[in-house]
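Feature annotations, courtesy of Swiss-Prot:
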| type | residues | note |
| --- | --- | --- |
| BINDING | His84, His183 | heme b b562 binding site |
| BINDING | His98, His197 | heme b b566 binding site |
| BINDING | His202 | ubiquinone binding site |
| TRANSMEM | 34-54 | transmembrane segment |
| TRANSMEM | 78-99 | transmembrane segment |
| TRANSMEM | 114-134 | transmembrane segment |
| TRANSMEM | 179-199 | transmembrane segment |
| TRANSMEM | 227-247 | transmembrane segment |
| TRANSMEM | 289-309 | transmembrane segment |
| TRANSMEM | 321-341 | transmembrane segment |
| TRANSMEM | 348-368 | transmembrane segment |
Amino acid sequence: MNKPLRIKHPILSITNSALVDLPAPSNISAWWNFGSLLFLCLMIQILTGLFLAMHYTADISLAFNSVNHICRDVNYGWLLRTMHANGASFFFICIYLHVGRGIYYGSYLFTPTWLVGVIILFLVMGTAFMGYVLPWGQMSFWGATVITNLLSAIPYLGIDLVQWVWGGFAVDNATLTRFFTFHFILPFIVLAATLIHILFLHETGSNNPIGVNSNIDKIPFHPYFTFKDIVGFIMMTMILILLVLINPYLLGDPDNFIPANPLVTPVHIQPEWYFLFAYAILRSIPNKLGGVIALVLSIAILAILPFYHLSKFRGIQFYPINQILFWIMVVTVILLTWIGARPVEEPYVLVGQILTVIYFSYFMFNPLIIKWWDNLLN
């Protein structure tokens with residue numbers, strides 16, 4: 001019997017097994033769309049970034065003006081720049097929803113897939129941070145100064161490490177050049193890590209909303225989920241284009257329209273909105289090293305989930321108390337994002353500290369309450 005080319009061809013067969021003939025659970029909801037949406041975001045970022053890099057100059061005397069030149073003089077440069085900046089915001093919205101789905105439905109039990117996902121999250125956060133420095137506005141410069149300075153909290157090695165990252169005794173031309181280099185290369189490392197993420201996922205198959213084995217009820221990925229994904233693509237792209245064409249600088253910081261000036265500190269230094277929750281956690285610890293540890297742990301704590309799973313069911317769909325706790329945690333993250341944008345004064349400091357405790361408490365108490373609920377129903 002003649003097999004189709006997509007099965008016979010050595011390269012097409014890989015694509016076929018990932019996108020066409022992949023057996024997928026018949027009942028996965030729209031919450032499973034974010035993986036493909038993230039891939040779309042990554043492609044948008046790589047393509048717009050590639051064209052921006054053709055016109056950008058990584059030099060402290062030229063960087064700000066080169067971004068200005070892109071927006072004013074390059075054909076559709078304004079569109080490339082705003083698509084890239086807002087594309088990053090959509091990337092993080094999709095990542096946070098993707099992670100939230102994984103926590104809710106117990107997808108973290110695919111341990112290798114989950115751990116690679118946590119690594120991807122760190123890589124994407126690093127990439128976005130370095131990208132924010134490139135326009136060399138006030139917030140770019142001071143954001144880079146404050147965040148890189150956190151390395152000095154590391155005992156013994158700290159000061160040397162900071163000067164090594166800076167390439168000197170302050171954030172200067174060497175810093176901008178290396179940040180541009182890393183910002184260019186990291187998305188391709190993210191792309192490679194994404195392929196490993198997908199490889200691990202296809203070893204086990206997808207989870208589903210009821211968390212049971214779905215081998216008896218699988219359907220081919222194409223046409224069912226290709227079309228479902230395309231609907232997601234259209235919706236997200238439309239919202240992104242509307243934002244870019246109506247209010248492209250809504251999510252940015254006005255201070256970044258002022259060229260970087262080492263002699264003038266902005267009133268309130270803050271990162272992009274998608275890092276504010278972690279920034280609020282960092283600020284809520286009144287100790288430099290403690291703050292840095294809390295900052296890293298706010299993301300790294302996701303890696304403990306597969307090893308601290310005590311329930312009889314896969315997700316929290318069948319645990320009413322844990323569902324309430326989950327949504328409290330979601331609201332906590334939103335409130336932390338708001339606190340991160342507020343000045344360091346009362347009552348914001350205290351509220352930030354309370355929210356930080358609630359955030360970390362979720363990961364500690366959630367499995368224990370699940371265990372208690374299981375025992376209650378035995």
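Backbone N, Cα and C define each Cβ position, glycine as well.
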Item to check | Between His202 (ubiquinone binding site) and His98 (heme b b566 binding site), the C-alpha gap once rounded to whole angstrom | outcome: 17
Checklist outcome for this item: Within the same chain, the residues 6 or more beyond the ends of the transmembrane segment (289-309) and with Cβ under 8 Å of it are 99, 103, 106, 108-109, 111, 114-115, 118, 121-122, 125, 150, 153-155, 277-279, 281-283, 356, 359-360, 363, 367
Item to check | Rounded distance in angstrom between the Cα atoms of His84 (heme b b562 binding site) and His197 (heme b b566 binding site) | outcome: 24
Checklist outcome for this item: Neighbouring CB atoms within 10 angstroms of the CB of His183 (heme b b562 binding site), all protein chains considered, total 21
Next on the checklist: Just to confirm: which same-chain residues, 6+ apart in sequence, have a Cβ under 8 Å from the Cβ of His98 (heme b b566 binding site)?
Outcome noted: Phe34, Gly35, Leu38
Checklist outcome for this item: One should report the C-alpha separation between His197 (heme b b566 binding site) and His183 (heme b b562 binding site), rounded to whole angstrom, as 21
Next on the checklist: Which secondary structure state does DSSP assign to the residue listed as 'ubiquinone binding site', in the simple three-class scheme?
Outcome noted: helix
Checklist outcome for this item: Spatial neighbours of the transmembrane segment (78-99) not adjacent in sequence (6+ beyond its ends, CB under 8 Å) are 31, 34-35, 37-38, 41-42, 44-45, 48-49, 51-52, 67, 70-72, 117, 121, 124, 128, 131, 236, 239-240, 243-244, 248-249, 251-252, 272-274, 302, 333
Checklist entry - Given the binding-site residues His84, His202, which one is most crowded in terms of C-beta atoms within 10 angstroms? => result His84
Checklist entry - In the same chain, who gets a Cβ under 8 Å from the transmembrane segment (179-199) while lying at least 6 residues past its ends? => result 18, 38-39, 42, 45-46, 49, 53, 56, 58, 113, 116-117, 119-120, 123-124, 126-127, 130-131, 133-134, 144
